[in-house]
Amino acid sequence: MEAADYEVLSVREQLFHERVRECIISTLLFATLYILCHIFLTHFKKPAEFITVDDEDATVNKIALELCTFTLAVALGAVLLLPFSIISNEVLLSLPRNYYIQWLNGSLIHGLWNLVFLFSNLSVIFLMPFAYFFTESEGFAGSRKGVLGRVYETVVMLMLLTLLVLGMVWVASAIVDNNKASRESLYDFWEYYLPYLYSCISFLGVLLLLVCTPLGLARMFSVTGKLLVKPRLLEDLEEQLYCSAFEEAALTRRICNPTSCWLPLDMELLHRQVLALQTQRVLLEKRQKASAWQRNLGYPLAMLCLLLLTGLSVLIVAVHILELLIDEAAMPRGMQDASLGQVSFSKLGSFGAVIQVILIFYLMVSSVVGFYSSPLFRSLRPRWHDTAMTQIIGNCVCLLVLSSALPVFSRTLGLTRFDLLGDFGRFNWLGNFYIVFLYNAAFAGLTTLCLVKTFTAAVRAELIRAFGLDRLPLPVSGFPRASRKTQHQ
């Protein structure tokens, strides 16, 4: 063999080893996410649905739970995708020739983006509908009972749903872009139809983030206030403990003497209320034992950090709006070649990249808080060891839609300069200036409005409670009045 042949073989062998290494790394990362999501879901599932007299129902629920675990792992991977890419780029910039990070390259990052896109399509379009129809199926009439009969019915229902969605997408494409080439492109199921359908789902997720994130940013202050111990000026824990003990004693008397009340009593409801009050009392006692540092320093610092992160997010979006008017390069676009380790995607270098990652995680957490706080999706909120299987499926679908839209959401708002890789950058609406500009303006306006309304109302309410004005019988417009029971106390 000639030297050129040996060189070609060595290049092919090196490429083969790189692909095997990337597959092993991707498998290990996904296995880690899968285990974490499985542990997480087992704390919310309803045990009665998995330990039943009918083994068939328990088997169906176990299969559906594994599909939900896979979907939730993909959603978590979509959340970590953009931060991992930004951090990898900064690591390669700082340590370009380090032997121990040679596995971290543009090919691996690009492959992870493609895998997340593929698994997101697979979960949203096939796995989650299959899991829902599988849990609701009973088998065709006249067929043998068993898991296999349910599988047959689920596959038939899934095929009918696929035909329905395919027709709806084809009609939508004909209405939006009425030309022969665009309609014929949908006949290519894998190359055009699935990306087009996922583009519509991603656009729905981006719109959902636009609504939920400002609401969640405003709700983060009240949620953090419930988790942390407030200073004594803003919270009277002794009074809350007294009220909780008084209500618990009253409910206990009603349970012990049910004949003293002429109205019929729901004993199960009373027991649940007593358990809730006991849990609340234990939490209040723990908060009462908090140190002065936690009470007087932790709460103000947490509120200051939230205010700083929220204000920085709105400021970055406002600057990005101005950049959209001046520079065309500010528009989000796709990038087919992941050339990492060449230039930083932040003007502040590594420090700016860390700020970008923190803001991305903060906005994702805020969007989840806003999603579960909205009246439309409040009923989907999971409960500890009391979440039905269909509710778990609905939560996994919603979280996947939100998380898979996070990279597009972050790049559209200008939170990062990292361009979208793979099929994430092929969405048609990303090149529309008016959509991107109006989206940025709507986010900045809604966030500012929610913050001003929530923050001022919270400050006024806390001041009213701190000075005891809520116990006065005087009607105060815009502030909550205490109940008669509290006033007599």
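Glycine is no exception: its Cβ is also placed from the backbone N, Cα and C atoms.
Keep in mind that TrEMBL annotations are predicted by a computer and have not been checked by a curator.
According to TrEMBL, the feature transmembrane segment maps to 24-42 (among others).
Among the features that TrEMBL reports, transmembrane segment is placed at 63-87 (among others).
Same-chain residues lying 6 or more positions outside the transmembrane segment (107-134) and placing a CB less than 8 Å from one of its CB atoms are 18, 22, 25-26, 29-30, 60, 63-64, 67-68, 70-71, 74, 77-78, 81, 84-85, 88, 150-151, 153-154, 157-158, 161-162, 165, 194, 197-198, 201, 337-338, 340, 390, 393, 396-397, 400-401, 404, 421-424. Taken from TrEMBL, the feature transmembrane segment applies to 107-134 (among others).
Taken from TrEMBL, the feature transmembrane segment covers 155-176 (among others).
Per TrEMBL, transmembrane segment is recorded for 196-218 (among others).
TrEMBL lists 297-322 (among others) with the feature transmembrane segment. Counting only same-chain residues 6+ beyond the ends of the transmembrane segment (297-322), those with a CB under 8 A from a CB of the stretch are 217, 220-221, 224-225, 228-231, 234, 330, 355, 358-359, 362-363, 413-415, 437, 440-441, 443-444, 447-448, 451.
Marked as transmembrane segment by TrEMBL: 353-372 (among others). Taking Cβ pairs closer than 8 Å, the transmembrane segment (353-372) reaches residues 79, 82-83, 86-87, 89-90, 208-209, 211-220, 223, 309, 312-313, 316, 344-346, 378, 380-381, 398-399, 402-403, 406, 409-410, 415-416 in its own chain, all 6 or more past its ends.
The transmembrane segment annotation in TrEMBL covers 392-409 (among others).
Look at TrEMBL and you will find 429-452 (among others) tagged as transmembrane segment.
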Exercise for the section: State, in range form, which of 24-42, 63-87, 196-218 has the highest count of Cβ pairs under 8 Å to the transmembrane segment (392-409). Expected result: 63-87
Practice task
Would you kindly list the residues that approach the transmembrane segment (63-87) from elsewhere in its chain, counting only those six or more residues past its ends and only Cβ-Cβ distances under 8 Å?
Solution key: 29-30, 33-34, 36-38, 40-41, 45, 50, 109, 112-113, 115-116, 119-120, 123, 127-128, 130-131, 134-135, 338, 340, 345, 353, 356-357, 360-361, 364, 389, 392-393, 396-397, 399-400, 402-404, 406-407, 410, 416, 418, 421
